[in-house]
Ligand code: GAR
């Protein structure tokens, strides 16, 4: 499946997806990395991996939907079949989510349904949770609400800060996302044609 990865920053999850997608037999092939920020470090990483990297700065558009229409055009032009959000920090409108429904997945640094939104690690520590983790899920209109495809868990340690916990979770994100993306591709392929 022709894959696009949407990022906003450093793109370490994107890098793991690009590595997986370059393996023979992997069910997705990276065609585009798209960022809403020209400064995203992940764009250079993608170029070094010989994958097209494109910035569409959201600030250049007067509203959310015209920004998303520009992204949608870029995705359609390249025949994209599945989109993986990897640290893409813009909330998507119902229009965009509806257009890509069933072909749009996200990685989130919590054990959903716990802690949708921001500051997930600080919230897990403040709540006294004994474990934390990450989830890959289908994207639906509600923020971080879609069905979970896969999760990974880590312990929360006594002296953890949000930063130390984020580091431990990120190691699991890097292992989880390539497998979960492959599973999402398989689920799409198994769906009856509409
Ligand atoms: C990752 O931890 C990802 O789970 C999180 O942003 C980080 C991006 O890191 N995503 C969200 O918080 C989405 N709501 P990366 O750019 O190095 O992959």
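The backbone N, Cα and C atoms fix where each Cβ goes, and this holds for glycine too.
The feature domain 'Formyl transferase N-terminal' is assigned by TrEMBL to 1-181.
All protein chains considered, the CB of residue 13 (N(1)-(5-phospho-beta-D-ribosyl)glycinamide binding site) has 25 other CB atoms within 10 Å. The N(1)-(5-phospho-beta-D-ribosyl)glycinamide binding site annotation in TrEMBL covers 11, 12, 13.
Taking the Cβ of residue 64 ((6R)-10-formyltetrahydrofolate binding site) as centre and 10 Å as the limit, one finds 15 other Cβ atoms among all the protein chains shown. Annotation source TrEMBL lists (6R)-10-formyltetrahydrofolate binding site at 64, 106.
Here TrEMBL flags 108 as active site, proton donor. Sequence-distant contacts (6 or more apart, same chain, Cβ under 8 Å) of residue 108 (active site, proton donor) comprise 116, 120, 134, 135, 136, 137, 144. Secondary structure from DSSP puts residue 108 (active site, proton donor) in a beta strand.
Around the Cβ of residue 144 (site 'Raises pKa of active site His'), the number of neighbouring Cβ atoms within 10 Å comes to 19. For 144, the entry in TrEMBL reads site 'Raises pKa of active site His'.
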Query raised in the report: With the N(1)-(5-phospho-beta-D-ribosyl)glycinamide site defined by 11, 12, 13, which remaining residues of that chain have Cβ atoms positioned within 8 Å of the Cβ centroid?
Result: 7, 9, 10, 14, 15, 16, 42, 45, 86, 87, 174
Query raised in the report: Whole-number Å distance between the CA of residue 11 (N(1)-(5-phospho-beta-D-ribosyl)glycinamide binding site) and the CA of residue 106 ((6R)-10-formyltetrahydrofolate binding site)?
Result: 13
Report summary line: Per DSSP (helix/strand/coil reduction), residue 64 ((6R)-10-formyltetrahydrofolate binding site) sits in helix
Requested in this report: Can you grab the distance from residue 64 ((6R)-10-formyltetrahydrofolate binding site) over to residue 12 (N(1)-(5-phospho-beta-D-ribosyl)glycinamide binding site)? Cα atoms, rounded to a whole Å.
Outcome: 26
